[in-house]
């Protein structure tokens, strides 16, 4: 199983004081060295954390691959075609939200998403759609030609009871298997921590997890190398469990 380390909140800390540190590039390189299989960055329309220059700098520095999260806008499409990341993950975006609140509604935007997917695919960029574990959305993702989906794990991570968490887990597990049966590559992420990652990592249909906020928070106490190492180890151990 692959680990994508999201470095958005390295930029959040930097921007809080308007300094040049901590460096997203340095964070990306440290994460790679200690187990990250790819680097994920979300260039939001309001540029609240990652800036345009960060994306270019990280793309040019890393040895693994860049997964660029972006909204379904012409501006972001143009940016992606300039940066040429290995992967683009199209996500829903609202300016007022603190973080991404739900999955992309592919059903409501099939024509536009299909168009973006073709343009990016023709440019050699693999397209992923960040969606809820809903069979209708998964089918729509397949229909528009996206080869990859990322299942939104936020409801699982934010569940206030074990029963609710198990309900959300089963939804993700069923969605992952449904998507895999369609031939889609299945990733997952949002709200995952060292404490809740094990059940999700046990779902064999899921190929990759993208984890950011909790990992950067752990890095404040453990250091980024150890935070990445512990997360990768937790994922690895989960795959060994019966």
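Cβ atoms are placed via backbone N, Cα and C, with glycine included.
The 3-amino-2-oxopropyl phosphate binding site annotation in Swiss-Prot covers 6, 17, 191, 212, 213. Cβ neighbours of residue 17 (3-amino-2-oxopropyl phosphate binding site) (same chain, under 8 Å, six or more residues apart in sequence): none. Under the DSSP three-state reduction, residue 17 (3-amino-2-oxopropyl phosphate binding site) is assigned to helix.
Same-chain residues at least 6 positions away in sequence with a Cβ under 8 Å from that of residue 9 (1-deoxy-D-xylulose 5-phosphate binding site) are, in sequence order, 49, 212, 213, 216, 217. If you look up Swiss-Prot, you'll see 8, 9, 44, 49, 99 marked as 1-deoxy-D-xylulose 5-phosphate binding site, on the strength of sequence analysis.
Residues annotated as active site, proton acceptor in Swiss-Prot: 42 (among others).
Look at Swiss-Prot and you will find 69 (among others) tagged as active site, proton acceptor. Taking the Cβ of residue 69 (active site, proton acceptor) as centre and 10 Å as the limit, one finds 27 other Cβ atoms among all the protein chains shown.
Using a 10 Å Cβ-Cβ cutoff, residue 150 (site 'Transition state stabilizer') registers 30 neighbours. In the three-state DSSP reading, residue 150 (site 'Transition state stabilizer') counts as strand. Per Swiss-Prot, the feature site 'Transition state stabilizer' maps to 150.
Sequence annotations record features per position, and here Swiss-Prot assigns active site, proton donor to 190 based on sequence analysis.
When the binding-site residues 191, 212 are compared by the number of other CB atoms within 10 angstroms of each CB, 191 has the fewest. With respect to their backbone Cα atoms, residue 8 (1-deoxy-D-xylulose 5-phosphate binding site) and residue 69 (active site, proton acceptor) stand 10 Å from each other. Other Cβ atoms within 10 Å of the Cβ of residue 44 (1-deoxy-D-xylulose 5-phosphate binding site) number 18 in total over all chains.
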